[in-house]
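Asks: What follows is a structure written as structure tokens; I'll ask about it next.
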Amino acid sequence: MAVGKNKRLTKGGKKGAKKKVVDPFSKKDWYDVKAPAMFNIRNIGKTLVTRTQGTKIASDGLKGRVFEVSLADLQNDEVAFRKFKLITEDVQGKNCLTNFHGMDLTRDKMCSMVKKWQTMIEAHVDVKTTDGYLLRLFCVGFTKKRNNQIRKTSYAQHQQVRQIRKKMMEIMTREVQTNDLKEVVNKLIPDSIGKDIEKACQSIYPLHDVFVRKVKMLKKPKFELGKLMELHGEGGSSGKAAGDETGAKVERADGYEPPVQESV
């Protein structure tokens, strides 16, 4: 037998000895995720990230994270078939400030709308907002029976489908091109674009279940902290403790003007 140390025994002690288990969560911190001021409920949840160690900074690990939230959770509403994607753009204290990143309908809603004996009409268009965001909007609509119609089917002719698709693209382009991202999101929350399309297409063929089913973010302008702060209002910029920050609508009469103050 060769004279020398048995490396295996001296190095690790007992063969197959267990390593000391370190809880990975002890090195992590919780951050609050804040939605922009367009939504009623601002505090949408928490996210984990490893603490800053050397050159690895925690805030860099948070930037670019995408959160998918139901509109029901953002608006404290019952209608829950719209999902909004929010992306973290900046970190202030323990708050992740997010911006709109996309929208989608839930799978069960889409499946419930597709039925027999009707025509499904889809359209998509790439549009740039006034503040430089390039969005791709997808729209869907379905034909319905006319009043007093006896026939079971309600299929649109190819020419009518083309006219409706053209109308969809025109309305989506018009609604997005003339507004900034904040105003576009405010239109997507109640889906006023879908309702406008439904009204405009009644003369061609009656439609129902018209929705902007998806919005994709294709290009963004250069990040500006000032614009993000505007989206979040004062609540996003201050490092307040987490809590349910909810906004409430103030009802005012038409033509309301605030009273003039004598002294400031």
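Note that the numbers count up from 1, one per residue, in the order the chain is shown.
Using N, Cα and C of the backbone, Cβ positions are placed for all residues, glycine too.
The N6-acetyllysine annotation in Swiss-Prot covers Lys34, Lys56, Lys249. Taken from Swiss-Prot, the feature SUMO2 cross-link covers Lys34, Lys249, and the record attributes it to similarity to another entry. Per Swiss-Prot, the feature region 'Disordered' maps to 233-264. Look at Swiss-Prot and you will find Ser237, Ser263 tagged as phosphoserine. Annotation source Swiss-Prot lists compositional bias 'Basic and acidic residues' at 242-255.
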Asks: Near Lys56 (N6-acetyllysine), which residues of its chain come within a Cβ-Cβ distance under 8 Å, counting only those 6 or more away in sequence?
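Replies: Same-chain residues close to Lys56 (N6-acetyllysine) (Cβ under 8 Å, separated by 6 or more) are Thr50.
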Asks: Look up Lys56 (N6-acetyllysine) in the DSSP assignment and report helix, strand or coil.
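Replies: Going by the DSSP assignment, Lys56 (N6-acetyllysine) falls within a strand, counted as strand.
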Asks: Just counting, how many other CB atoms are there within 10 A of the CB of Lys34 (N6-acetyllysine)?
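Replies: For Lys34 (N6-acetyllysine), the count of other Cβ atoms within 10 Å is 24.
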